[in-house]
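Here is what TrEMBL records for this protein:
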- 174-207: repeat 'TPR' (REPEAT)
- 210-243: repeat 'TPR' (REPEAT)
- 323-356: repeat 'TPR' (REPEAT)
- 357-390: repeat 'TPR' (REPEAT)
- 713-746: repeat 'TPR' (REPEAT)
- 898-937: compositional bias 'Basic and acidic residues' (COMPBIAS)
- 898-1044: region 'Disordered' (REGION)
- 957-971: compositional bias 'Acidic residues' (COMPBIAS)
- 975-984: compositional bias 'Basic residues' (COMPBIAS)
Amino acid sequence: MNRAIEIPIQNSDEVLVVDITEDFGANTQESDSILEILTSERAPIHLYLEFAREFHKRGYSDYVEKTLEKGAERGLNESLRDTAYVKILHTLALHFIESAASVKTDNTSGRTPGSRSYLPYLSRATELLNKAENIDNKNVWTAIVRGSLSLASSKLPEAVKSFQYAVNAEGENLAALMGLGAAQFRSHDYKSALKTYQKVLSLFPNMDVPDPRLAIGVCYHRLQMTQHALLAFKRSVEVNPSNPDALSLLARMEWNQAREEGNVQLLEAAVERVKEAFSGVGRKNAAVLNLIGEGLYFRGEFDGVETVSKAAIAATDSNIVKAEAYGAMAKALHSQGKFSSAFEMYSKAASLHSSSLTYQYGLGQMYINQGEHQKALDCFEKVLAKDEENLETLKKVASLCSEHPKLLDKSLGYFGKLQALIKKFNEEEGMETLKKDKDSVGIFPDPIMQMELSKIYETTNPSIALKGYLNALSILEANGAADSAIELLNNIGALYHRDAQSPKDFDLAKNYYERALTAADNLPDLTDKSNLRVTVQYNLARLYEQLGSPTDARSQLSSIVESHPAYFDSYLRLAAMTSNYEDARALIQKGLIVDRRSSLLMLGNSFFDDTSNKANLRDSRKSFEEVLQKADKNDSFALCSVGNIYLVIARFDQKQKEVHIKKALEFFDKAVRVDNKNVFGATGVGICLAELGQFEQAREVFTQVLEGATNMPGVSTNLAHVLVELGQTKLAISHYERVLKKNPEQNVGVLQCLARAYYIVAKTDKDPIAMRKSLVNIQRAIHLDPFRWSLHYDLALVKQQYAQIMNDQPTDKRSVTDLKKSLEGLETSQKIFAVLGDKKESNLGYDVKLAKERAAYCKDLQRVSEKKIHETTVLEEQRKERLLAIKQEQMRIEQAQLEKEREAREKEKRDKEETEAKRREIMAKMAEENKRARERAEQEEEEEARKPSKRKKQDPGSDESDGEGDLGDGDEKEKKKKRKRKEKKRGEGEEEEEEEKQKKPRKLVSKRALAGDEERDGEGGESVPRVGRPSNLSRAVIDSDDDE
């Protein structure tokens, strides 16, 4: 049913009726006329909104914008502030936001190739929003527009805040609720978004466009609630069976579930769902088309994938959807082996959706195919930056890094992450995992990755590498796939072979090589199999060669030559095993056709090692020079070899020695400049400097070389030679001994040099101990090479010089025993020199004439030694006599001292005994005197008691009676007082005496103490008055100044 809109005519009661038919807006002239009438007749502002709505319904967005712009212009000119004008501002702002969304891309510059910029739209929307806020900043729709603008500008917190304000103001405002849900979803707050969309559905249960059920399903999916998401999509399809978005999302869910579970029925249901989505409007739905393309890919219909994907690209403006279509085409092309086209599609997909891990991974695979490993690593590391637990990507990165020496540590780090990740997955699945201990280092549960990991450890830790290879083999054996593991078996054998420490290791190496050959024979005829078999055969031949089985080695090498004539290493090894130089060179000549450079290098070595003819040096130099001139002018081996040749020539040509050495220095120096880590070139430089007498510079060179290559005994030996020349012989000895410690039984030259160094120290310091060490080392050298006459000459010389040093020792530092031993050695030395002096051969390594002179000198030295023995014998006897006399005198003095100490002890003992006897005697006398005193006192008391009392007969009034009475009474009182004082004093004295006795129990009693005893009675210790005059004994012991 058509409707009409009436436009009032200004200053009239008439109206202009505009019929809104189905084809309204199709006639542009009519549409322009309507806009002119609205402006000229100054129509009510709300009519602009009504016409804009009708244009929008019919998809005429240009006229929507024009109509709203006219209305906004009217409102601005007339300074309107009514609700209709504010609605126009809101509607126009939302229109510009929608227009911006249609051209917006992921490009931060705001531009898509060939399209307009979306930023001006947002700028215009912002301008309109500001005008609306100036009129009514509390309007709900103002908040909605502000939220929409923030959402379009990716200002998510501000968007959530604005929409939340609108919802709080009008809880049932659909636009506010949908906007809030979108803002929460894009903020990854899926739980809040889910609640918001559920509220929309509860308020508007019949709403199907847009369908909140789809938004609810997507939220459930992001929350990993797959079954709830599936139910939501199914419900959406039930409400609107023709909704292509609902159908495509449901089909995608079912498709993914079918792939994960391998459920055929579910897969068929997904296919049917895709067919439903593809019917009707779904034919132009890019998401549906991409889903169809994926189905075709899994069915192997790769041509169909390309057709559907191109249709999807044409049907959408979404870069994400386009990227999915390009990605589908890339996978199809990749599976067909069309790597160049696949690379192009992966690149387009990654540029349109740079955050997609799938496209970055695919692009990395293409870079590997192109050999651009660094770019591949960059792609894979982008994947790991967002998904660090991506197992397949970790495997790729670990494998790539393992192929680059500078990235080995990084590769080990990735392998460590892989092990931790696999352990985590296994624990989640309840599977048994390896314990974290030293035995688990280098162990990986996947045999392919285990081999990659073990390759890394081959150079850094061979034992871990071997353990890893054996682990990979055990896994394959458990799966019944070990018989085809030729490379693995060969690697195990090679490690046992290379690092063999016992015959058992060689046996194990042989066993694994033979197993590898058997495995190769059991496989179908393939090129890779043939190449692997040759490698195993060659390794087995090298093992036979090392075990001293040249026949078996030649058999394997000859077999290789027959089946693979281009495998020139076999020719070179056969040549190396041939004792005849001419035959060896003939074999090397065959290798010249395949690899001229390597063959020339070995040919040059053959001439260099053949010292039977000096002309061979010239041929050797020609071979090496040809390599430098025609193959590689910077070949390090050839440069060093030519340098060595010039050094040898210098030893033959003494006249031109310096010229040849300087020439050798040029080649060695160039080798170092080409490769500053060339140890052999640097060693050659040091040798040349030493030969030229520049020992300080040579020492610096050898020291620097040793800092970078500690396990180079030749360099240590050369440094020791230079130190000897610099006079630092003791330091040189430490270097020689370090070399011998690592290889004690196979270096005659170093033993001879060490003996010489000790010889120099012994002669310089007159040190017989150093000379004996020199003797020991030269004897060790003779034991290893008894037919080198120069060593016997050195032995004789050391024995001779030892005798000389012993003769020169001070008398107090030489013994008859040592002198006799040196004399014995001197006799041996004379015999050796005599024999050596009679030798007629040339190149003996010593001067025959000098040996004769040394033999004669031994006789003279022998006489001196005998004289020294005699002198030393006499001196030792005299020394013994002096020592004996001194010892006897010391014993006499010691005995006298002991006797004196004994007498002193006895005298002290006697004195103590006499003192003790006197004390006891005095104590006895004191006791007797006290006894007699008590007896006298008792007798006097008895006599006094028997006398009659005269006091009764006297006249009481007489003077005599009174005087005596007073005197007697006073004397008696005075006596009592004195007695009390004396008893108190005696009591204190006795306490002090008792304490003194406890401290010094053996000390004699003092006079004052004896006086105190005199005043005590014999039994109770009570004081008694002195009666009568003192006895002679008392007079003798009481001090004259005693108070009493």
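Counting begins at 1 with the first residue displayed.
Here the Cβ of each residue, glycine as well, is placed from N, Cα and C on the backbone.
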In DSSP terms, the repeat 'TPR' (174-207) comprises 27 helix, 0 strand, 7 coil
DSSP composition of the repeat 'TPR' (323-356), residue counts helix/strand/coil, works out to 27 helix, 0 strand, 7 coil
Counted with DSSP (H/G/I as helix, E/B as strand, rest coil), the compositional bias 'Basic and acidic residues' (898-937) has 40 helix, 0 strand, 0 coil
The repeat 'TPR' (210-243) resolves under DSSP into 25 helix, 0 strand, 9 coil
Across the repeat 'TPR' (323-356) the predicted model averages a pLDDT of 90
Secondary structure of the repeat 'TPR' (713-746) by DSSP, residue by residue, totals 27 helix, 0 strand, 7 coil
